[in-house]
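Positions annotated as substrate binding site by Swiss-Prot: R26, Q27, A28, G29, R30, D76, Y151, S206, H321. According to Swiss-Prot, the feature site 'Transition state stabilizer' maps to D76.
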Amino acid sequence: MAETRRKVLEVLNGKSLTPPPIWLMRQAGRYLPEYRATRAKAGSFLDLCYTPDLAVEVTLQPIRRYAFDAAILFSDILVIPDALHRNVRFEEGHGPRMDPIDTDGIAGLKADGILSHLSPVFETVARLRRELPEETTLLGFCGAPWTVATYMIAGRGTPDQAPARLFAYRHPKAFEELLAFLADVSADYLVAQIDAGADAVQIFDSWAGVLGEDEFARFAVEPVRRMIASVRARRPSAKIIAFAKGAGLLLKDYRRLTGADAIGLDWAVPLAFAAELQKDGPVQGNLDPMRVVAGGGAMESGIDRILDVLGNGPLIFNLGHGITPEADPENVSALVARVRGTKG
């Protein structure tokens, strides 16, 4: 019997595959009618994340429909602040909300009980690894310390995360303590996901793009480096993707400085620059999600350009950020077919 291949893992090990493996950020999401039906049963969004029966189901839905090469655990980057009792809630039309943290709150943070609070997530991971096709890579994930901290400081998302940037300037010691704490507990969380059955993990730094050069080094690079070093100290073979959205030219040294195996690229990263980054190792991305909403020629030309420029090197095809609720599931079918059929 032929050995089962997990193509995403092969690329994370530096192999170039034609066609490249494909999965999509937020592939389990509101664009799918089956997701909306399951979501309606769940109660709150966090109930969906913490109920293994439901979290397993929504993770598997896009695999059944599209046979993506990877499944990504259905959860949220804000389960860490939820485990820290920050009263996290998701309000319709307003996004995430939580109790803002101050310097006293940072001084009082304790890691006790975080992993037990998140035990339903690990049950979901273990069940997914049993239920997924053998060839499907299972990805775990967490938020990067900077991005999680922005929500903890402001108590919500803001257009440019000015509250966290201001807090970092006014209270530099407390802010760096918060980032170090989040790096350590997030590393513990990723190790637990790997131990439960995740084949690889992704670190999402969705708000890296609001940082200046010096702040990027201190708040985006250093905490992620600390996380990855902590994971690798315990699980040396761990495969890690790091996605610093909006980082632009600061991605040049991001892989080397953080130790990530692969770097995620948003849709604004020029493909010529992406090709330079790919010389150092695998890249993931980077189709504009709006091309999937548009479909047709706009989507096809975007796919073809990425494959033309990056398809001969180690590439995991993905979007440049999460798929949006307006995307037509049929367009996603066409996307997958074109990625798998254009080359080779």
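Indices start at 1 and increase along the chain as displayed.
The backbone N, Cα and C atoms fix where each Cβ goes, glycine too.
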Close in space, distant in sequence - H321 (substrate binding site), Cβ under 8 Å, 6 or more apart:
M25, S206, K245, D266, W267, P289
List the same-chain residues at least 6 positions away in sequence whose Cβ sits under 8 Å from the Cβ of R26 (substrate binding site), in sequence order, or say none.
G322, I323, T324
Give me the Cα-Cα distance between R30 (substrate binding site) and D76 (site 'Transition state stabilizer'), rounded to a whole Å.
14
About how far apart, in whole Å, are the alpha carbons (Cα) of Y151 (substrate binding site) and D76 (site 'Transition state stabilizer')?
13
Cα-Cα distance linking D76 (site 'Transition state stabilizer') and A28 (substrate binding site), given in Å to the nearest integer:
12
Sort R30 (substrate binding site) into helix, strand or coil using the DSSP assignment.
coil
For the recorded positions listed here (A28, R30, D76, Y151), tell me which residue's CB has the most neighbouring CB atoms inside 10 Å.
Y151
Tell me whether Y151 (substrate binding site) sits in a helix, a strand or coil according to DSSP.
helix
For substrate, whose listed binding residues are R26, Q27, A28, G29, R30, D76, Y151, S206, H321, the greatest C-alpha pairwise distance in Å:
23
